[in-house]
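Peer 1: Have a look at this one.
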């Protein structure tokens, strides 16, 4: 039973936010509301009428629409084709549908041209296409799952304007997010879920984000506040004039990057996704060979080392996409504890796997890092995102890393897990770890980093001081609109409208 | 452990479900064709005679080796359809080398086995190399290599044929291996005039090694990791291209052993009567056994059992023995479907179990993080 | 894993289906067997167990010819019969098992159709000395209770070669062999020799459908069709096939090309082939397997069984050209002369 006794009601024409830790039962609730999964008990009523959803099509018929966190769009089709796909019966696939899409777009101010290719759209616009898709199917109730996770601040504001426009037209919105400040700014009501039950429904006017977070976790929590600087003058990871050309063509994905991270220092890299962050990590971790330039680990040139050598040299790695790069979802937790450290104790004895050693240490990680799981024998895929991430961090920390390459370490993770991950990072930093922190969460970057640099089209900006920089300044640098970005090649418009780098979203 | 009891229950559920489905579908086909359903099943399910039991065991030995070869590829998400060609090339090479009798008796057998493994491994290695260096799908290349292997062996057979039999013989084969290297077999089944292949031992050994290497060694872990998620394996330091090549060669080496029980225990030469089709059967059996060494053993026995029982279908039930192909095919399909259903079920069960246990008040507090 | 599972399932099922197709024509066999048992009592203790090769009854060729002999024996001699057919790709032990089961079911005169049975007959005959065996097309298994029924295929094929060379307008003919074995090479050798002797400039295309140990070439019409189409499109206008059940495909291909002829094999295919292709069958090299089978049964019945080779050649009318449709009536004189020369030994027909 993932949920028990969830009760809340959403008033028509309002934005109702649903917040809770990962694993608190939000996803299950979503699935039930959208007909993917069925509730064992209880009812769902729309406009006072009790409905049963056996499948998503029932939910759609009842006017419930879902906008998923991961877009479900075919890049090589136009907006029109994407929207009518699976809903051909509504207005056909031709001019009728085109007119209808234009009408919806105008009515709610979405600014979507039906004949544009989805591949040419930015992230924000893609999200609006997703919303349009749902509206096209006649939805009166919209469920948005973490809609801001992929957006930069400016885009978030645009989205919120759109949502408010929708509610003005009488639509009802159920909004799920981890970002409490956003929730507070946009929602009319907020329901908090903890461990499968509704804890409280609060008025955003009467709470602040800290109180809200404590409601979610059920206890007090820390904030990502930079502590006393622990930066030493001992360089651990140095990157010099690093260049990486795209696999096809001569375009530079990484363009002459240089930086040094010292023991006890956290270097934060901000940037809109697809500007070279993923490639930077791949080069440092040895997954790709740089076209030019060098990477040094404590003075040793590791540019041509392979992944395993780099791992054995105590470079910890928290991958951006834990499902693709960090875990074997179908394997039990203790085997996942071995992953990435297949040649190191306590996982192996000579050429043999030391299952007992790995299991013992997995149990330790589960306890020390509060990985919530019934046992170390369940598959990694059955854990919630936050718990998966805690397992990964526990695993990487277990091998006393000198450098930690952390890509979006708290993405898709609830505030409770986020706090604990932050505290682990800070502790490691105090102990002299050099951290390369790549994140889209500006608050996290500002709170944890000793230095922040912005990456834009493969080039790094001059350093920002996290004590003085604001999220807006960083946002401007990330989109190339600000003066602070060294690599800023002036382009108008928001980053969301710039085509994402296909190389990076591979 | 409670979990394990349920896991065993779930893993038994799938094959049982598959067999029941296969039973029902085949019965329907029989009904539609107007064949005697009851008689077919009673013929197929009749207790085999001792002689047939030996044949079943012998068939299963060969199938087992073939299915293990396929399963090695499966574990790393590689699809070696080429077992068919690999075992033919290997059996031919082994037959030619062993017939020379370079070494006495038992050592000659070991030489033959080694030759077969090298030949099979190299042949499969071609597909591995093409995949790594040229990005050619191993599915395509191994199918092509099967055709090439067939023709190559047929051509080589004309060069290496045994001419001592004189002209007028319809059967083309290589020279027989020396008497001292021919394996007589074990009289395992009482009351049977025939014997179980001595190289049953080889099949068991291969099964144990398969279990040990894949389950217990670092290499096996790397291989399985690469099979489960190539991206995660790369990030964990596995050199996937090298792993692809190694896996193909290993798979091919085991494929090379497929023909060995036949060579040393029955035919004593490679020729026109050498049994074809073993590689394809291995694919079905590996699926049936879910790449598990014991499951594959059961699958091989079942396959061989059906093969052997099919013989009496015509004579006793008056139904074409091809019916057994239909049953085998239906079982493979039913197994794949049943496993997918059971897998979804067990994922759901596990997720809800995790959620349930976390919802219980005894769960640890989120603040246990400070070490 | 999932991807490979699904592909694997598909391929595995497909390969099974192919195996089944390769030999599907035997499905309607048993009714004859059942009918035969009823009449069995009249035949005294002669009960004939018939083990066909891949293709079985209904292959319009080799197995059918054997079946004709069996049917004749059944009606004229009143013996009881039981039939069983080999599957493509079966284990060697399956053939043994088939013979053994026929014997256990009380059939004490076994006809093993096709050389593939040789090793099995050798073994089973040794274990069952009281049972008599006829092994068609092979001398590889010898024994006191084994009669090796063999034919001079090259002689009949030589005549076919003469016919093809005379009838071809393009001076270009073809040969489709089922499986590249020494036996089928005898057909090819005689055919080519006959054609070249008649027209030294003639071009002969040769294609074997499969290589041993893959015997599916005897039961795969699709392969036969492809091979024949290749020859026809490159200019051949007469195609001789020795490919068992695959010949149906050869006929289909020839039918599609106006003016082209096919030459059948083993039985008179202008009578046994599918009705719509009979008119393009110029002649057939009839291998009187039926005679061989019938003679064996008759000997058993009369107690005159002889072990060892029983050779059926031109002289004994064991091989001959069929004249159905009278397409080769104009060549009769010439063919008779060639035949006489072969019998007399003036023409020596190569067998490989």
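Yeah, the Cβs are placed from backbone N, Cα and C, and that goes for glycine too.
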Peer 1: According to TrEMBL, which of these ranges is transmembrane segment: B:82-100, B:139-157?
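Peer 2: Spelled out, TrEMBL records transmembrane segment over residues B:139-157, not the other listed ranges.
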Peer 1: Need the matching range: TrEMBL marks transmembrane segment on one of B:243-264, B:265-286, and I'd like to know which.
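Peer 2: Going through B:243-264, B:265-286 one by one, TrEMBL gives transmembrane segment for B:243-264.
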Peer 1: Could you give the residue numbers and ranges of same-chain residues that sit at least 6 residues beyond the transmembrane segment (B:53-74) on either side and whose C-beta is under 8 angstroms from one of its C-beta atoms?
Peer 2: 80, 83, 86-87, 120, 138, 188-189, 192, 194-197, 199-200, 202-203, 206-207, 210, 214, 227, 247-248, 250-252, 254-255, 257-262, 265-266, 275, 278-279, 281-283, 285-286, 289, 291, 293, 296-297, 299-301, 303-305, 307-308
Peer 1: By Cβ distance under 8 Å, which residues at least 6 away from the ends of the transmembrane segment (B:243-264) in the same chain are close to it?
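Peer 2: Non-local partners: 58, 61-62, 65-66, 68-70, 72-73, 75-76, 78, 80, 82-83, 86-91, 94-95, 98, 109, 112-113, 116-125, 127-129, 131-132, 138, 177, 181-183, 197-200, 202-203, 206, 210, 222-223, 226, 233, 270, 274-275, 278-279, 282.
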Peer 1: With the transmembrane segment (B:323-342) as the reference, which stretch in B:12-33, B:109-130, B:139-157 has the largest tally of C-beta pairs below 8 Å?
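Peer 2: Comparing B:12-33, B:109-130, B:139-157: B:12-33 has the most Cβ pairs near the transmembrane segment (B:323-342).
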